[in-house]
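Colleague: Have a look at this one.
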Amino acid sequence: MQNISGWDWRAIQDAAWSGDAGALKRPVSMLTFALNHAVSGMAPWPMKLSNLVIHLLAGMGFYVYALALAGVLARRDVGTASSATCSRHWARPLALLAVALWLLHPLQLTSVLYVVQRMASLAALFMAWGLALYALGRQRQVQGHAGWGAWLMIASAWGVFLPLAALSKENGVLLSPLLLLTEWLFFRWQGLAPKGRRALQGLHLTLCVLPALAVLAYLALHPQWILGSYRIRDFTWEERLYTQARVLWFYLRLLALPDIRQMGLYHDDFEISRSLWAPWSTLPAIIGLLMLVWLAWRLRRHWPVLAFAVFFFLIGHALESSVLGLEMVHEHRNYLPSFGLAFAVAYGAGLAWQRGQAVRRRRLAAACTLALLCLTALTAWRAVEWSDDLRRALMEAEHHPRSVRALTDVAALLGTRALHAPDESSQRQLLQATLDFYARADAVRGTPQSAVGQLVAHNRLGRDSDPQAVTQVAQLLATPPLAAATPEVIVSLMQCQHRGHCRFEMDVILELAHGLLANPQIRPIDQARVNTMLGQLFIDRDDLPTAAAFLQEAYRADAQNLTIALNFAVILADLGMQDEAQTVLNEMTGASLSRSQVRRMNELRARLSPSDSLR
């Protein structure tokens with residue numbers, strides 16, 4: 001995230017478009033992070049509080065949605081069998097129970113307390129309210145109030161909430177198929193005159209069906225768009241699809257029987273399906289999903305809520321459990337898809353209550369209360385674990401002993417704690433524990449992150465770097481695939497050197513950095529970061545010509561980064577290369593600058609030509 005200070009709206013606007021995650025850059029999510037930073041800097045609690053507010057607002061949206069669905073199901077004219085219908089009297093309790101189950105489930109915790117997953121929860125917030133307003137508008141039409149108000153509600157789902165959701169995170173585009181699902185199972189084009197029915201069908205066709213077909217056609221004609229996303233993965237697209245069948249059943253198990261020992265921030269220990277028979281559960285998982293879809297299709301008329309739960313869950317996972325070359329497992333992906341299941345459970349409880357006698361109702365009330373208390377307790381327990389980063393990481397490493405990311409996370413946090421150790425003995429103990437966890441990670445699978453982390457820990461313990469080990473790590477860094485987190489460990493190593501916590505020979509740092517820069521999969525933005533830090537290290541050594549050479553490489557890699565451009569221009573001026581510095585400044589003309597950048601540019605222009613400062 002691009003850091004900003006104060007209410008500099010130009011800087012906030014730049015920050016909104018500073019993201020590099022996803023094809024759409026997720027500007028709505030980035031904007032909320034920028035606003036958080038403007039108010040309270042990088043303090044974690046305000047950001048987590050913002051996530052909690054988003055979670056509650058999403059719950060309100062789902063409550064309105066559930067209330068509308070329960071209301072339309074209570075009407076006989078939706079074609080639902082009376083034996084599977086709750087009366088309108090139970091709509092509010094049913095909606096409250098569904099939302100409570102969704103809000104309190106411990107699987108939702110990462111979407112709230114892991115700050116960056118605001119992207120998922122914010123997209124779900126807009127999707128929830130898009131679904132709610134669509135359902136409200138259609139409910140009014142079914143009730144005979146087919147005025148402009150109902151049509152405005154329906155139009156807002158696509159015109160307002162769809163773009164907001166998609167610009168928060170790309171899976172926000174799934175709002176369109178979820179709207180179609182809502183219409184197909186619950187409203188069934190009722191309450192509309194023929195002209196209105198054709199208009200609504202045209203909207204669904206234009207905004208859901210045709211775009212989906214266009215995307216499928218594009219991918220069929222340009223398969224490299226998909227295949228290219230697997231360059232940094234250790235699995236193929238076929239293996240991902242095989243594995244996702246088991247992943248979806250894993251999600252369903254966690255939702256139905258929440259076991260916090262199986263939950264965690266990292267699931268890289270989930271076994272990849274290399275074929276239909278390895279592991280043996282792959283083929284049964286695929287067959288099970290197909291049977292689930294077939295059952296939902298068969299029950300769509302008499303038990304639409306069950307069909308809704310299945311299709312809502314599968315549509316919600318349609319992007320992140322598809323052929324796209326994403327990581328295999330993440331809990332936050334269930335944030336939105338789990339609502340359909342919560343609604344089905346609540347609706348089933350409503351049916352049981354409606355049919356039961358007094359004793360049975362008391363038992364049902366006790367069961368629902370106990371379920372909510374259990375969910376609350378499990379979520380609270382996880383929240384306590386997450387109250388301290390190291391405690392959370394240690395717990396996850398205990399629960400996932402074969403997760404390399406969980407083990408290296410502990411090691412990195414122990415290394416950070418060592419910086420603040422009260423004495424040298426405590427510091428050495430923490431650094432030795434750091435090495436122990438890196439060794440455990442290596443025993444599972446060697447990674448560049450672990451290798452670099454061990455070099456740093458040994459250096460901080462005062463041990464010289466083994467030249468052979470450094471060369472091996474550099475070769476590892478240069479070899480694809482390149483994980484997204486790998487450049488960060490090299491940048492962190494150089495930051496450690498810059499702050500004086502590490503004392504590497506410069507040749508060691510250069511060998512590691514050149515290894516990373518030689519990797520054909522490195523992104524330009526990471527090339528720029530690495531070269532910028534190399535430039536800073538040579539500035540620390542008062543070697544401005546070498547620093548300028550690295551800053552020039554950073555500028556070439558990411559010329560759109562105005563901070564890099566200004567840094568390059570400043571060092572050129574420091575070297576007496578005024579014309580070159582002026583050329584860099586001229587190339588920035590017309591760019592959207594923050595106040596601090598304008599101030600720096602003014603100061604530099606004044607140095608270069610006192611009469612040519614920016615106004």
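Cβ atoms are placed via backbone N, Cα and C, with glycine included.
TrEMBL does not curate its annotations; it predicts them automatically.
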Colleague: I'm validating the feature mapping. Which of 173-190, 245-262 is tagged transmembrane segment in TrEMBL?
Modeller: 173-190
Colleague: Which one, 52-73, 119-136, 148-167, 202-221, 364-384, has the most C-beta pairs under 8 Å toward the transmembrane segment (304-323)?
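Modeller: Highest pair count goes to 52-73.
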Colleague: Which one, 119-136, 148-167, 173-190, has the most C-beta pairs under 8 Å toward the transmembrane segment (335-352)?
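Modeller: Looking only at 119-136, 148-167, 173-190, the most contacts with the transmembrane segment (335-352) come from 119-136.
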Colleague: Under 8 angstroms for C-beta pairs, at least 3 of them, ignoring pairs fewer than 6 apart in sequence. Is the transmembrane segment (173-190) in contact with the transmembrane segment (364-384) by that rule?
Modeller: no
Colleague: Can the transmembrane segment (94-113) be said to touch the transmembrane segment (364-384) if we require at least 3 CB pairs below 8 Å and skip pairs under 6 apart in sequence?
Modeller: yes
